[in-house]
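Below you'll find the structure, written out as structure tokens, and then a few comments.
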């Protein structure tokens with residue numbers, strides 16, 4: 001991630017523009033001296049200290065602007081400051097004023113960065129192509145390196161993480177090796193492997209600062225035969241003392257696998273150790289920070305335990321000792337590395353990889369154990385809900401990959417089609433189940449989830465990003481112009497969505513289920529319960545003649561307004577984003593794009609993830625009934641928290657990562673775009689669905705939903721007016737969100753539940 005840049009938007013003083021040009025030309029020449037492959041034609045703005053390009057991108061050059069590859073080096077005479085300013089003074093100054101340049105490794109990444117700033121496109125932080133190895137930091141390089149690198153010197157190996165390894169795995173793994181060694185000694189013929197296990201018992205008790213090497217056995221020590229249990233010689237001419245494991249030995253080439261000791265080892269000792277290391281490997285991998293231990297176990301099973309025992313040497317390293325003889329198989333210094341949260345497998349984050357088996361377990365338990373003999377309904381509901389998180393990640397990754405490798409039209413269609421597929425799948429399955437059972441509670445849960453998504457994306461997502469980003473950056477700025485477009489659409493969408501509700505409040509008849517006279521006076525005050533506005537009076541004349549046509553009208557106008565917003569931000573006024581993409585690198589570091597997922601692979605993963613998402617949503621709605629009926633928590637609270645925010649967790653993680661890089665513009669746009677899509681796309685689609693498949697869903701919300709949504713949008717617009725924020729303003733948004741959650745928690749259950 002490269003530094004960002006900006007300059008004041010306008011400047012009427014000619015002398016100030018001239019000095020700006022001079023500074024800019026000098027900066028170009030300084031950059032040319034370092035890179036050697038940038039000419040005066042590549043206008044890069046001056047970089048303010050403490051900024052990053054991604055964080056300042058909201059105030060840079062045109063959205064989806066030209067992708068500028070690096071050009072050949074230019075001679076020094078052609079790039080001197082006077083000639084640069086004389087030839088390009090006006091153009092350079094204009095570039096300084098309005099453009100920000102972001103650096104991408106290749107055209108595919110440049111397209112992805114450009115899509116991040118397009119309204120209506122999914123914002124994706126992770127790379128869709130393999131990053132050049134030399135561009136990675138030393139911390140990341142260490143994550144992907146094999147455990148076979150010996151350091152010249154290092155600190156103490158007694159750390160909290162290493163002690164944790166000893167308590168979790170080391171002691172019992174060492175004990176198991178001692179038992180296997182004893183068993184090999186009992187067989188007599190397996191004694192060489194007994195000595196090997198004895199040495200490995202000490203190694204795995206505390207492997208840190210030790211090394212396992214593969215050495216070449218001298219030809220004078222190899223016996224040309226199947227096996228030989230004789231005692232080897234020891235002399236200075238033959239290389240010194242003979243290790244005890246070499247005394248009973250086998251030929252180390254092809255006949256090694258025919259030795260009796262090898263057969264005994266593969267039948268008795270090796271399987272038990274494979275199971276133990278497999279358990280360690282799986283456990284350590286799931287804990288993520290212990291992935292070095294998983295690599296240690298996997299490499300032991302695949303390499304060390306399959307080598308002839310006379311070719312394996314375990315030794316302790318001194319601070320200044322570096323073994324030069326033999327191949328280093330294992331050398332580990334730390335059991336815990338907290339940076340493994342960045343680890344990716346084929347472009348997929350390690351957490352998404354670890355949660356993928358959960359999807360398979362959920363589907364098997366859900367459809368095989370239909371009578372709840374193995375697990376209960378709450379457990380299945382929880383598993384189905386957790387399975388939505390990795391599936392949401394795979395869907396987002398697939399959409400970003402397809403969009404980055406396709407033209408604008410294909411990317412727009414894919415984002416519009418699958419951008420809200422996670423939420424719509426759950427909502428539609430819930431409405432279908434409620435219609436079949438005649439239970440209105442499912443429709444109320446869907447309304448609560450819609451409101452929870454809107455409130456959470458307006459308050460919680462940007463607020464949390466401000467707080468976390470504000471810890472690293474004292475003050476963060478964002479593009480208030482682009483945020484203003486999203487805010488205007490939010491006002492429009494909230495007003496349109498709740499227009500039928502306000503209409504029903506004005507013209508509907510208030511009906512109460514039970515009323516009591518508080519003062520015992522016929523003219524006194526009455527206390528009424530379960531009051532609501534009846535829209536079905538006189539055979540539903542008010543609803544069918546007035547409210548329903550209004551709902552259909554709003555459902556047509558909101559998508560139309562969304563399309564107008566797309567046309568405004570992507571076509572006629574794309575300059576409000578001011579983003580320019582470049583792929584400049586150090587000389588000799590140019591790389592072609594190596595995508596993690598091709599378009600066809602991404603399409604297959606997208607379709608499979610959508611199918612699994614539908615199945616998990618079906619299981620979640622199937623097993624939510626006991627929770628709704630037996631839980632003491634309000635159904636409002638369940639809808640606005642669990643059902644609304646769990647599918648948005650990948651988006652929240654993306655927003656936090658952008659905020660940490662001082663790119664708050666994208667963090668805010670993530671929440672705003674989701675909120676706008678809820679009102680302008682998801683709700684009209686649900687209304688359209690009810691036309692073809694009648695359900696209990698009506699676009700009439702409770703008062704609590706109306707007040708919470710409107711107050712959230714107003715507060716968000718007030719916070720975002722000045723285009724800058726800090727952690728205090730983010731804390732305000734988060735606290736207001738938790739206050740609203742408390743209101744929902746103590747609110748009575750909706751009518752019909």
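Every residue, even glycine, has its Cβ placed from backbone N, Cα and C.
Caution: TrEMBL annotation is automatic and unverified by curators.
Features of the protein shown, as given by TrEMBL:
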type: DOMAIN; residues: 160-210; note: domain 'Inner membrane component'
type: TRANSMEM; residues: 163-186; note: transmembrane segment
type: TRANSMEM; residues: 263-291; note: transmembrane segment
type: TRANSMEM; residues: 348-369; note: transmembrane segment
type: DOMAIN; residues: 379-498; note: domain 'Sodium/calcium exchanger membrane region'
type: TRANSMEM; residues: 381-402; note: transmembrane segment
type: TRANSMEM; residues: 408-428; note: transmembrane segment
type: TRANSMEM; residues: 449-471; note: transmembrane segment
type: TRANSMEM; residues: 483-503; note: transmembrane segment
type: TRANSMEM; residues: 550-570; note: transmembrane segment
type: TRANSMEM; residues: 600-620; note: transmembrane segment
type: DOMAIN; residues: 602-744; note: domain 'Sodium/calcium exchanger membrane region'
type: TRANSMEM; residues: 666-692; note: transmembrane segment
type: TRANSMEM; residues: 704-721; note: transmembrane segment
type: TRANSMEM; residues: 727-747; note: transmembrane segment
Treating G and I as helix alongside H, and B as strand alongside E, what does DSSP give for the domain 'Sodium/calcium exchanger membrane region' (379-498) in helix, strand and coil?
104 helix, 2 strand, 14 coil
Count the Cβ pairs between the transmembrane segment (408-428) and the transmembrane segment (263-291) that lie under 8 angstroms and are 6 or more residues apart in sequence, then report whether there are at least 3.
no
Taking residues 6+ outside the transmembrane segment (381-402), which of them lie with a CB under 8 Å of any CB in it?
112, 115, 122, 124, 126, 128, 347-349, 351-352, 355-356, 358-359, 361-363, 365-366, 410-411, 414-415, 418-419, 421-422, 426, 595-597, 599, 602-603, 605-606, 609-610, 612-613, 616-617, 619-620, 623-624, 627, 642-643, 646-651, 654
Cβ under 8 Å, sequence separation of at least 6 from the ends of the transmembrane segment (727-747): give me the contacting residues as numbers and ranges.
448, 455-456, 459-460, 462-467, 469-471, 633-634, 636-637, 640-641, 704, 708, 712, 715-716, 719
By Cβ distance under 8 Å, which residues at least 6 away from the ends of the transmembrane segment (263-291) in the same chain are close to it?
143, 161, 164-165, 168-169, 173, 176-177, 180, 183-184, 187, 189-190, 193, 197, 297-298, 300-301, 305-306, 335-338, 340-341, 343, 350-351, 354
Distal contacts, the transmembrane segment (483-503) - CB-CB under 8 A, six or more residues away:
119, 454, 458, 546-547, 550-551, 554, 557-558, 561-562, 565, 568-569, 576, 665, 668-669, 672-673, 675-676, 678-680, 683, 698-701, 706, 709-710, 713, 716-717, 720, 723
Can you name the far-off residues of the same chain, 6+ from the ends of the transmembrane segment (704-721), with a Cβ under 8 Å from a Cβ of it?
447-448, 451, 454-455, 458-459, 462, 478, 480, 483-484, 487, 490-491, 494, 497-498, 501-502, 636, 668, 729, 732-733, 736-737, 740, 743-744, 747
Over the span of the domain 'Sodium/calcium exchanger membrane region' (602-744), count residues by DSSP class, listing helix, strand and coil in order.
117 helix, 2 strand, 24 coil
Chain residues in Cβ proximity to the transmembrane segment (449-471) (below 8 Å; excluding those fewer than six residues from its ends, i.e. six or more beyond):
423, 426-427, 490, 494, 639-641, 643-645, 648, 651-652, 655-656, 658-660, 662, 664, 667-668, 670-672, 674-675, 678-679, 682-683, 701, 705, 708-709, 712-713, 715-716, 725-734, 736-737, 740
Residues sitting near the transmembrane segment (550-570): Cβ under 8 Å, six or more positions beyond its termini, same chain?
63-64, 118-120, 408, 412, 482, 485, 489, 492-493, 496-497, 499-500, 503, 576-577, 676-677, 679-681, 683-684, 687-688, 698-699
